[in-house]
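J.: Annotation source Swiss-Prot lists N-acetylalanine at Ala2, citing similarity to another entry. Positions annotated as domain 'PI-PLC X-box' by Swiss-Prot: 315-466. Marked as active site by Swiss-Prot: His330, His377. Among the features that Swiss-Prot reports, region 'Disordered' is placed at 465-586, 886-936, 1196-1234. Taken from Swiss-Prot, the feature phosphoserine applies to Ser472, Ser488, Ser493, Ser535, Ser925, Ser1105. As annotated by Swiss-Prot, compositional bias 'Low complexity' applies to 486-513, 924-934. Annotated compositional bias 'Acidic residues' per Swiss-Prot: 554-566, in sequence order. Annotated compositional bias 'Polar residues' per Swiss-Prot: 577-586, 886-907, in sequence order. Residues or ranges marked as domain 'PI-PLC Y-box' by Swiss-Prot on the basis of sequence analysis: 589-705. Here Swiss-Prot flags 706-834 as domain 'C2'. According to Swiss-Prot, the feature region 'Interaction with SHANK2' maps to 1231-1234, an assignment based on experimental evidence.
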Amino acid sequence: MAGARPGVHALQLEPPTVVETLRRGSKFIKWDEEASSRNLVTLRLDPNGFFLYWTGPNMEVDTLDISSIRDTRTGRYARLPKDPKIREVLGFGGPDTRLEEKLMTVVAGPDPVNTTFLNFMAVQDDTVKVWSEELFKLAMNILAQNAPEHVLRKAYTKLKLQVNQDGRIPVKNILKMFSADKKRVETALICGLNFNRSESIRPDEFSLEIFERFLNKLLLRPDIDKILLEIGAKGKPYLTLEQLMDFINQKQRDPRLNEVLYPPLRSSQARLLIEKYEPNKQFLERDQMSMEGFSRYLGGEENGILPLEALDLSMDMTQPLSAYFINSSHNTYLTAGQLAGTSSVEMYRQALLWGCRCVELDVWKGRPPEEEPFITHGFTMTTEVPLRDVLEAIAETAFKTSPYPVILSFENHVDSAKQQAKMAEYCRSIFGEALLIDPLDKYPLSAGTPLPSPQDLMGRILVKNKKRHRPSTGVPDSSVAKRPLEQSNSALSESSAATEPSSPQLGSPSSDSCPGLSNGEEVGLEKTSLEPQKSLGEEGLNRGPNVLMPDRDREDEEEDEEEEETTDPKKPTTDEGTASSEVNATEEMSTLVNYVEPVKFKSFEASRKRNKCFEMSSFVETKAMEQLTKSPMEFVEYNKQQLSRIYPKGTRVDSSNYMPQLFWNVGCQLVALNFQTLDLPMQLNAGVFEYNGRSGYLLKPEFMRRPDKSFDPFTEVIVDGIVANALRVKVISGQFLSDRKVGIYVEVDMFGLPVDTRRKYRTRTSQGNSFNPVWDEEPFDFPKVVLPTLASLRIAAFEEGGRFVGHRILPVSAIRSGYHYVCLRNEANQPLCLPALLIYTEASDYIPDDHQDYAEALINPIKHVSLMDQRAKQLAALIGESEAQASTEMCQETPSQQQGSQLSSNPVPNPLDDSPRWPPGPTTSPTSTSLSSPGQRDDLIASILSEVTPTPLEELRSHKAMVKLRSRQDRDLRELHKKHQRKAVALTRRLLDGLAQARAEGKCRPSSSALSRATNVEDVKEEEKEAARQYREFQNRQVQSLLELREAQADAETERRLEHLKQAQQRLREVVLDAHTTQFKRLKELNEREKKELQKILDRKRNNSISEAKTREKHKKEVELTEINRRHITESVNSIRRLEEAQKQRHERLLAGQQQVLQQLVEEEPKLVAQLTQECQEQRERLPQEIRRCLLGETSEGLGDGPLVACASNGHAAGSGGHQSGADSESQEENTQL
């Protein structure tokens, strides 16, 4: 749950090994008293340590799964035969007196109640000890029970061992193992092995490779294919070395791991994995991993869902006892219900072997003549077991699976001083030095002294029993008084002995030894008539005077008297049952009590003032729930120093359990459950205590142990100092989930703090497929786990009718990321042979949405710095050199240091934009200045709040995107202008040449006519007029021809410029919207920074006030400190509320300003279009005059200096010279607008 030591843990777990003696086998006589049978067998163990097997009388091999073995016993702890015939055959009663040393009993079963006993007697001496120790060591091996890579090998081994009389493997055994779909099995057998149902297989022909080939035919794996495709196999049936290495480092690696302590996988290590798991030599030679090898890797030891450190003893065991959750049992002796169940000594063995470190003993007075105290459930019809047998069983098994201390929780109803003395003597003689009687020197029983640690108490047994502090003289030490019947009810928990009942009272353990108290009517059953037995006090043993009683004894005596006076005799005790009838302890039993002294709980404040860590209290679950609801933080504080025990209420007559997580959440250590009932609470308890080496002790989270920290288990926010987790679980597929052809569904639950608990995520039900169902569904998200070290994840599979298949409990803080196989367990947390689930998990630290940018910058700082540099370069192209330098410094700051508002700057004229194509919009002068002024500096909110204004259009026109667009549009217009200019100049040259030629011909024609005719002057004049008229018409045609070309070109250019204008406006709108989005994001960051700054100012103010208050007198200081804290809270709440209101108003102002910018953009567009249209129209109207001036040499005021005028001014009468001039004009004027 918590408490892993810092740094890299040195793994202490060892893999299972089978010694040669067990592999070779030994001769034993197997006897069964019920069947009156005895057979000589040879016990063997397979080389992997999976199965114990022997050949029975019918020549068939019997097997026993090693993981089902719960204990092995030899000597006097082994079962002895009672049948005279079997005893005679085994040699009992003969000369050999060492026969007991040859006996061995193997206890096996799926849970602590349903156990079987296999009895053996060794033929040879010194054989039993080796077999017993090695079998128990293999059965308890933690690595063997957490090895998914051995699942298929184990199934293969079982088939190989179960041969028939001919020494062959029956095919029916294969069909039985995979009975969920026999048709698929038969098809796979035919395709893979060529055997039919009625045949058998020679063991040497049934290799592991053939078995795996059969499984590949039996199980199609579309889930693995999909994973390979997602990794990057791209339809190929293999992964390359680089792909495998990337997959492991990116998908399978926890990003939270330190790269120095846990470096990423290197190529050489990835190659070793391929060599280990790839069965195909061709792929192996090419450093490739096939689908089969990839599936093997997913189930390999390197890819466990949990690190081995979580399974190993990795927690600090040197903290006080109160710092641990302790595996605890209630009514340990019962095997079934609370009313008529069977009591069993074996249950104490099984509970302790299961890791329980606190067992309960309900002891009652024995009957004459033996007067042997016994254990039973008082006032019910449950059976009895002798106390001595129970203590011997505890002594035998207390430290077989865990060396850490065991607590014996006595509920003492023995109202006989003689029998209590016998109880104490049994404890001393049976436990010997293991029984802790005197407190340790380092940990005296004094106020303020913490409890010793589990490490200090290794191998010790502690007694929890009512301890009566008696005066040293004046009263016989052996006196014992039973409580009167009218004091039979307790108001809060158990009586001053803090003992625990469990059920309503129906009968009596003995008609002459138990108090006649019964509240069986609470459960509707008839009360049994009993004769009340008088207490020793009524018989004349009165208390002596306490004038010589020490202060502590007097104080405790007064407390007990107070309890008796305040008890309500009429209040029913249905929940608390027999605790009220417990008797006072004698000196003999009191002497055995030290660090676990039960006292009646009064209040948390009273316990804090007493400050006695060795005192503890017990709470029935209903009273504990009341305290948990009313005072959760005080409950946590109490459990930091003292022990508390929670036990089920008495109305749970079916031995059901409450959910232990409720009380773990407040740090209760001894959360006792009914171990015989494997319901969900007990399953959770068994799963949780599997970790930390199954020691029975789990270190509580640090926040629940530190005296300087307070913890609220009902918190819904992240606790300062605790790293919350985020977890995502996707159930992909299952394998061999049931032996029936049914649908399967999977539930995923989380147990932890109330805010962390989630129930129930559930997949859909597969359609009649329990072999290999595939669930392609969305993952289950646990976005925020506030206290991951106290949270557990449960993944459970069920058949469609709700029948339990298997489950697994995983500590959230230790779950690894990636794809993993999860082998399922039964209700008692024992591993199942084949059922498994393939899941995908993502485990990470929880990061609030507001801090995602910071987290990304920390995770990938190189990428973050590169992005900042890139942004700085982009800004440098838009703003001046000095501002660029300042912006670069700003971008290189951490995200928490950046300004929240976007600063505006004056736009820099674009050198390419020497003729503006749209008028500038209304310009504002935004600033990011503080709202505070000299008159407002006293206003705390105004001094913190900064104003943010929208960026104006003029500044956004200088955006890089706009500059780039204008550059492209200018280039486009220049190209179009060049094209038109070339056509116009060429036509102008031709027209000028034609005019020059016509002019020359016109001058010569009148002279020739005069010479030839010389007749009439009038005719000559008339002819000149006609020539002049024709020349003018020629001129007009020339002008019109050039005018039509230029007007068409002007219209094309106008259309292109209008198109550019629309593009520019659209792009400007996108820039505006992007700027607004960025501004809102930065405004959100600015809000958080302003809140933090406000809180810092308030905290500083509070600290200053506290420093001043500490200088005052003590009584004034406390009052003033209280007032300072109250004022600080009020001022903080009000100030943050005012700041949030001001921030909201600022947000609204910014939104309104941004809307004005957008409206300005919308209103501006038609004006720009009209202006551009007018400008183009004016240029088009000037074209006729330009052309006439160019062609005819006319001059007129107001004519533009167009290219045609330049052509005309250079003169074209010189022919080629005119052409050269036209070319020069083109090169000189190509950048001038028409």
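Along the chain as shown, residues are numbered 1 onward.
The backbone N, Cα and C atoms fix where each Cβ goes, glycine too.
I'd like to know what surrounds each of these features in this structure.
T.: Every protein chain shown contributes to the tally, and the Cβ of His330 (active site) ends up with 26 other Cβ atoms within 10 Å.
There are 30 other CB atoms within 10 A of the CB of His377 (active site), with all protein chains counted.
The DSSP breakdown of the domain 'C2' (706-834), given as helix, strand and coil counts, is 6 helix, 59 strand, 64 coil.
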J.: Let's see if you can do this one: DSSP helix, strand and coil counts over the domain 'PI-PLC Y-box' (589-705), in that order.
T.: 46 helix, 20 strand, 51 coil
J.: Give the sequence-ordered list of residues that share a chain with Ser1105 (phosphoserine), lie 6 or more positions from it, and have CB atoms under 8 Å from its CB.
T.: Ile1124, His1128
J.: Which value does the mean pLDDT take for the domain 'C2' (706-834) in this predicted structure?
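T.: So the average pLDDT across the domain 'C2' (706-834) works out to 91.
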J.: Between the Cα atoms of His330 (active site) and His377 (active site), find the distance and write it as a whole number of Å.
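T.: His330 (active site) to His377 (active site), Cα-Cα distance: 11 Å.
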J.: In DSSP terms, helix, strand or coil for His377 (active site)?
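T.: His377 (active site) sits in coil per DSSP, no helix or strand.
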J.: Can you check what DSSP calls His330 (active site), collapsed to helix, strand or coil?
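T.: Its secondary structure by DSSP: coil.
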